[in-house]
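Chemist: First the structure, which I've put down as C-alpha coordinates, then a few questions once you've had a look.
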Amino acid sequence: MTEKKILIVEDNFEIAEIVSIILEREGHEITGIVESGENALLSAAAITPDVVISDIGLAGEIDGIETATYISHLFRIPVIFMTGAVDQETIERANSAEPYGYLAKPFNKSELLSTVSLAIRAFELNMKAKESGTRKIPSCVKQMCLYEEGIVITNTLGRILYINPYTENLTGLSNAEMLLKPLSEILHFSGNTGFDPGALSQAAYFGEDEETVFLKDRSGGNIMVRVRIVPRRYRDEDTVGVIITIKEISEEKSAGVRDAGTLYRPDTGSAAA
(Lines of atoms letter the chains of each structure in order from A and count residues from 1; the text may use other names and numbers.)
(Lines give C-alpha, C1' and ligand atoms only; values in the text may rest on other atoms or scores of the structure.)
Protein backbone atom coordinates (compact mmCIF):
# COMPACT_ATOMS: atom_id res chain seq x y z
CA MET A 1 0.00 0.00 0.00
CA THR A 2 1.28 3.49 -0.86
CA GLU A 3 2.33 5.53 2.15
CA LYS A 4 -0.45 7.86 3.33
CA LYS A 5 -0.72 10.72 5.79
CA ILE A 6 -3.12 9.73 8.57
CA LEU A 7 -4.68 11.82 11.34
CA ILE A 8 -5.88 9.98 14.47
CA VAL A 9 -8.74 11.49 16.49
CA GLU A 10 -9.08 9.63 19.77
CA ASP A 11 -9.35 10.76 23.40
CA ASN A 12 -8.03 7.44 24.71
CA PHE A 13 -4.27 7.90 24.35
CA GLU A 14 -3.47 4.19 24.75
CA ILE A 15 -5.70 3.23 21.81
CA ALA A 16 -4.39 6.12 19.70
CA GLU A 17 -0.79 5.12 20.41
CA ILE A 18 -1.39 1.49 19.41
CA VAL A 19 -3.07 2.55 16.16
CA SER A 20 -0.22 4.96 15.47
CA ILE A 21 2.51 2.34 16.01
CA ILE A 22 0.82 -0.22 13.76
CA LEU A 23 0.32 2.24 10.92
CA GLU A 24 3.83 3.69 11.17
CA ARG A 25 5.32 0.19 10.95
CA GLU A 26 3.41 -0.22 7.69
CA GLY A 27 5.08 2.90 6.31
CA HIS A 28 2.32 5.45 6.88
CA GLU A 29 2.96 8.92 8.28
CA ILE A 30 0.94 9.84 11.38
CA THR A 31 0.36 13.57 11.04
CA GLY A 32 -0.96 13.88 14.57
CA ILE A 33 -3.06 12.53 17.42
CA VAL A 34 -5.79 14.87 18.66
CA GLU A 35 -8.47 14.42 21.32
CA SER A 36 -11.32 16.71 20.28
CA GLY A 37 -13.45 17.55 17.27
CA GLU A 38 -12.27 21.15 17.32
CA ASN A 39 -8.59 20.13 17.11
CA ALA A 40 -9.45 17.57 14.44
CA LEU A 41 -10.89 20.32 12.22
CA LEU A 42 -7.83 22.51 12.75
CA SER A 43 -5.43 19.65 12.04
CA ALA A 44 -7.34 18.44 9.00
CA ALA A 45 -7.30 21.96 7.53
CA ALA A 46 -3.64 22.63 8.34
CA ILE A 47 -2.13 19.25 7.41
CA THR A 48 -4.69 17.91 4.89
CA PRO A 49 -4.19 14.21 5.71
CA ASP A 50 -5.14 11.50 3.23
CA VAL A 51 -7.26 9.67 5.82
CA VAL A 52 -8.76 10.47 9.23
CA ILE A 53 -9.37 7.70 11.75
CA SER A 54 -11.75 8.99 14.40
CA ASP A 55 -13.56 7.75 17.46
CA ILE A 56 -17.31 8.34 17.30
CA GLY A 57 -17.63 9.61 20.87
CA LEU A 58 -15.55 12.73 21.45
CA ALA A 59 -15.82 15.33 24.19
CA GLY A 60 -16.07 19.00 23.27
CA GLU A 61 -18.41 21.35 21.49
CA ILE A 62 -18.70 19.07 18.45
CA ASP A 63 -18.75 15.28 18.73
CA GLY A 64 -17.02 12.71 16.55
CA ILE A 65 -19.91 12.29 14.14
CA GLU A 66 -20.40 16.01 13.52
CA THR A 67 -16.64 16.44 13.12
CA ALA A 68 -16.45 13.58 10.62
CA THR A 69 -19.38 15.01 8.65
CA TYR A 70 -17.55 18.31 8.19
CA ILE A 71 -14.21 16.66 7.37
CA SER A 72 -15.78 14.25 4.89
CA HIS A 73 -18.24 16.53 3.10
CA LEU A 74 -16.65 19.96 3.42
CA PHE A 75 -12.93 19.12 3.39
CA ARG A 76 -13.26 16.07 1.12
CA ILE A 77 -11.08 13.83 3.30
CA PRO A 78 -12.17 10.21 3.90
CA VAL A 79 -13.00 9.22 7.48
CA ILE A 80 -12.88 5.83 9.21
CA PHE A 81 -14.83 5.47 12.46
CA MET A 82 -13.63 3.62 15.55
CA THR A 83 -16.61 2.52 17.62
CA GLY A 84 -17.34 0.86 20.91
CA ALA A 85 -20.79 -0.35 21.93
CA VAL A 86 -23.25 2.12 20.38
CA ASP A 87 -27.02 2.20 19.95
CA GLN A 88 -28.90 2.12 16.66
CA GLU A 89 -29.60 5.87 16.71
CA THR A 90 -25.87 6.60 16.95
CA ILE A 91 -25.12 4.24 14.08
CA GLU A 92 -27.71 5.98 11.91
CA ARG A 93 -26.16 9.36 12.73
CA ALA A 94 -22.71 7.99 11.96
CA ASN A 95 -23.88 6.66 8.60
CA SER A 96 -25.00 10.18 7.62
CA ALA A 97 -21.32 11.20 7.71
CA GLU A 98 -20.74 8.57 4.99
CA PRO A 99 -17.56 7.10 6.50
CA TYR A 100 -15.30 4.93 4.39
CA GLY A 101 -15.11 2.24 7.03
CA TYR A 102 -15.80 1.14 10.62
CA LEU A 103 -13.49 -0.41 13.20
CA ALA A 104 -15.35 -2.06 16.08
CA LYS A 105 -13.35 -1.93 19.32
CA PRO A 106 -11.48 -4.01 20.20
CA PHE A 107 -9.95 -4.60 16.76
CA ASN A 108 -6.72 -6.31 15.73
CA LYS A 109 -3.85 -5.34 13.43
CA SER A 110 -5.28 -7.17 10.43
CA GLU A 111 -8.67 -5.48 10.76
CA LEU A 112 -7.05 -2.06 11.09
CA LEU A 113 -4.81 -2.45 8.05
CA SER A 114 -7.46 -3.97 5.80
CA THR A 115 -10.00 -1.26 6.74
CA VAL A 116 -7.51 1.52 5.99
CA SER A 117 -6.51 -0.12 2.69
CA LEU A 118 -10.11 -0.57 1.56
CA ALA A 119 -11.06 2.96 2.59
CA ILE A 120 -8.18 4.49 0.63
CA ARG A 121 -9.03 2.44 -2.45
CA ALA A 122 -12.74 3.25 -2.25
CA PHE A 123 -12.03 6.97 -1.87
CA GLU A 124 -9.62 7.01 -4.83
CA LEU A 125 -12.16 5.22 -7.02
CA ASN A 126 -14.85 7.65 -5.90
CA MET A 127 -12.67 10.62 -6.85
CA LYS A 128 -11.84 9.12 -10.24
CA ALA A 129 -15.54 8.59 -10.93
CA LYS A 130 -16.23 12.24 -10.16
CA GLU A 131 -13.32 13.39 -12.30
CA SER A 132 -14.67 11.40 -15.24
CA GLY A 133 -17.64 13.76 -15.34
CA THR A 134 -20.27 11.74 -13.52
CA ARG A 135 -20.32 14.44 -10.85
CA LYS A 136 -18.71 17.83 -10.47
CA ILE A 137 -16.01 17.86 -7.79
CA PRO A 138 -16.26 20.81 -5.40
CA SER A 139 -12.91 22.24 -4.25
CA CYS A 140 -11.18 20.22 -1.53
CA VAL A 141 -9.33 21.79 1.36
CA LYS A 142 -5.95 21.15 -0.30
CA GLN A 143 -6.98 23.35 -3.21
CA MET A 144 -8.47 25.96 -0.89
CA CYS A 145 -5.10 26.41 0.83
CA LEU A 146 -3.59 27.53 -2.48
CA TYR A 147 -6.59 29.48 -3.77
CA GLU A 148 -5.81 33.12 -4.61
CA GLU A 149 -9.11 34.40 -3.23
CA GLY A 150 -10.58 34.22 0.23
CA ILE A 151 -12.52 31.13 1.26
CA VAL A 152 -14.63 30.61 4.37
CA ILE A 153 -16.45 27.37 5.20
CA THR A 154 -19.32 27.43 7.67
CA ASN A 155 -21.93 25.01 8.90
CA THR A 156 -25.60 25.79 8.21
CA LEU A 157 -25.83 27.77 11.46
CA GLY A 158 -23.19 30.23 10.29
CA ARG A 159 -20.39 28.94 12.52
CA ILE A 160 -16.97 29.14 10.89
CA LEU A 161 -15.24 25.80 10.28
CA TYR A 162 -12.34 27.01 8.15
CA ILE A 163 -10.75 30.12 6.65
CA ASN A 164 -8.01 29.69 4.08
CA PRO A 165 -4.56 31.39 4.21
CA TYR A 166 -5.68 34.14 1.82
CA THR A 167 -8.49 35.10 4.21
CA GLU A 168 -6.08 34.94 7.14
CA ASN A 169 -3.82 37.43 5.37
CA LEU A 170 -6.72 39.75 4.52
CA THR A 171 -8.10 39.84 8.05
CA GLY A 172 -5.02 39.28 10.19
CA LEU A 173 -7.01 36.53 11.94
CA SER A 174 -6.00 32.88 12.10
CA ASN A 175 -8.06 29.79 11.32
CA ALA A 176 -7.62 28.65 14.93
CA GLU A 177 -8.96 31.97 16.27
CA MET A 178 -12.05 31.85 14.09
CA LEU A 179 -13.01 28.19 14.54
CA LEU A 180 -16.71 27.93 15.48
CA LYS A 181 -17.07 31.73 15.71
CA PRO A 182 -20.17 33.32 14.10
CA LEU A 183 -19.64 34.39 10.50
CA SER A 184 -21.03 37.80 11.48
CA GLU A 185 -17.76 38.50 13.31
CA ILE A 186 -15.95 38.96 10.00
CA LEU A 187 -18.64 39.51 7.35
CA HIS A 188 -21.37 42.14 7.56
CA PHE A 189 -23.53 44.36 5.43
CA SER A 190 -23.03 48.10 5.54
CA GLY A 191 -24.28 49.74 8.72
CA ASN A 192 -22.68 46.82 10.63
CA THR A 193 -25.70 44.62 10.04
CA GLY A 194 -24.43 41.14 10.74
CA PHE A 195 -24.23 38.53 7.99
CA ASP A 196 -26.64 36.20 9.76
CA PRO A 197 -27.38 32.51 9.06
CA GLY A 198 -30.55 33.50 7.21
CA ALA A 199 -28.54 34.39 4.12
CA LEU A 200 -26.75 31.07 4.36
CA SER A 201 -29.98 29.14 4.78
CA GLN A 202 -31.45 30.88 1.75
CA ALA A 203 -28.40 30.02 -0.32
CA ALA A 204 -28.46 26.46 0.93
CA TYR A 205 -32.12 26.12 -0.10
CA PHE A 206 -32.14 27.98 -3.42
CA GLY A 207 -28.55 27.32 -4.52
CA GLU A 208 -25.80 29.83 -5.12
CA ASP A 209 -26.03 33.47 -4.06
CA GLU A 210 -23.80 36.54 -4.45
CA GLU A 211 -23.60 39.59 -2.22
CA THR A 212 -21.48 42.72 -1.81
CA VAL A 213 -20.53 42.97 1.86
CA PHE A 214 -17.74 44.10 4.18
CA LEU A 215 -14.95 41.94 5.55
CA LYS A 216 -13.77 43.03 8.98
CA ASP A 217 -10.07 42.75 9.82
CA ARG A 218 -8.33 42.45 13.20
CA SER A 219 -8.06 46.22 13.64
CA GLY A 220 -11.78 46.71 13.03
CA GLY A 221 -11.29 48.08 9.53
CA ASN A 222 -13.68 47.17 6.73
CA ILE A 223 -12.77 45.82 3.30
CA MET A 224 -15.47 45.87 0.63
CA VAL A 225 -15.72 42.42 -0.95
CA ARG A 226 -17.89 40.38 -3.26
CA VAL A 227 -18.87 37.02 -1.80
CA ARG A 228 -20.26 33.96 -3.55
CA ILE A 229 -22.15 31.49 -1.37
CA VAL A 230 -22.27 27.90 -2.56
CA PRO A 231 -24.03 25.14 -0.59
CA ARG A 232 -22.13 21.90 -0.02
CA ARG A 233 -24.52 18.95 -0.15
CA TYR A 234 -24.26 15.25 0.38
CA ARG A 235 -26.47 12.62 -1.20
CA ASP A 236 -27.34 15.50 -3.58
CA GLU A 237 -30.04 16.61 -1.13
CA ASP A 238 -29.07 17.54 2.42
CA THR A 239 -26.93 20.62 2.99
CA VAL A 240 -24.10 20.18 5.49
CA GLY A 241 -22.58 23.63 5.13
CA VAL A 242 -21.64 26.39 2.74
CA ILE A 243 -18.46 27.53 1.01
CA ILE A 244 -18.04 31.28 0.67
CA THR A 245 -15.52 32.72 -1.77
CA ILE A 246 -14.34 36.27 -1.09
CA LYS A 247 -13.01 38.66 -3.72
CA GLU A 248 -11.73 42.14 -2.91
CA ILE A 249 -13.38 45.05 -4.71
CA SER A 250 -10.90 47.66 -5.89
CA GLU A 251 -11.11 51.17 -4.42
CA GLU A 252 -12.31 52.51 -7.76
CA LYS A 253 -15.08 49.94 -8.06
CA SER A 254 -15.92 50.35 -4.38
CA ALA A 255 -16.46 54.10 -4.88
CA GLY A 256 -18.64 53.35 -7.90
CA VAL A 257 -20.84 51.00 -5.92
CA ARG A 258 -21.35 53.62 -3.22
CA ASP A 259 -22.06 56.36 -5.77
CA ALA A 260 -24.68 54.16 -7.37
CA GLY A 261 -26.56 54.18 -4.07
CA THR A 262 -26.73 50.41 -3.81
CA LEU A 263 -25.22 50.31 -0.35
CA TYR A 264 -25.75 52.03 2.95
CA ARG A 265 -23.04 54.19 4.40
CA PRO A 266 -21.34 52.18 7.18
CA ASP A 267 -21.00 55.21 9.47
CA THR A 268 -24.64 56.30 9.51
CA GLY A 269 -26.66 53.41 8.14
CA SER A 270 -28.50 55.93 5.95
CA ALA A 271 -29.05 55.55 2.24
CA ALA A 272 -26.24 56.70 -0.01
CA ALA A 273 -26.96 59.84 -2.01
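In case you wondered, yes, glycine gets a Cβ from its N, Cα and C as well.
TrEMBL annotations: computationally assigned, not manually curated.
Okay, so TrEMBL annotates it like this:
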- 5-120: domain 'Response regulatory' (DOMAIN)
- Asp55: 4-aspartylphosphate (MOD_RES)
- 151-188: domain 'PAS' (DOMAIN)
Chemist: What is the pLDDT of the domain 'PAS' (151-188) when averaged and given as a whole number?
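Modeler: Mean model confidence (pLDDT) across the domain 'PAS' (151-188) is 92.
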Chemist: Going by DSSP assignments with H, G and I as helix and E and B as strand, what are the residue counts for the domain 'Response regulatory' (5-120)?
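Modeler: Residue counts for the domain 'Response regulatory' (5-120) by secondary structure: 55 helix, 25 strand, 36 coil.
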Chemist: If you draw a 10 Å sphere on the Cβ of Asp55 (4-aspartylphosphate), how many other Cβ atoms land inside?
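Modeler: The answer is 23 other Cβ atoms.
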Chemist: What does the DSSP secondary structure composition of the domain 'PAS' (151-188) look like, as residue counts for helix, strand and coil?
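Modeler: Split into helix, strand and coil, the domain 'PAS' (151-188) gives 14 helix, 13 strand, 11 coil.
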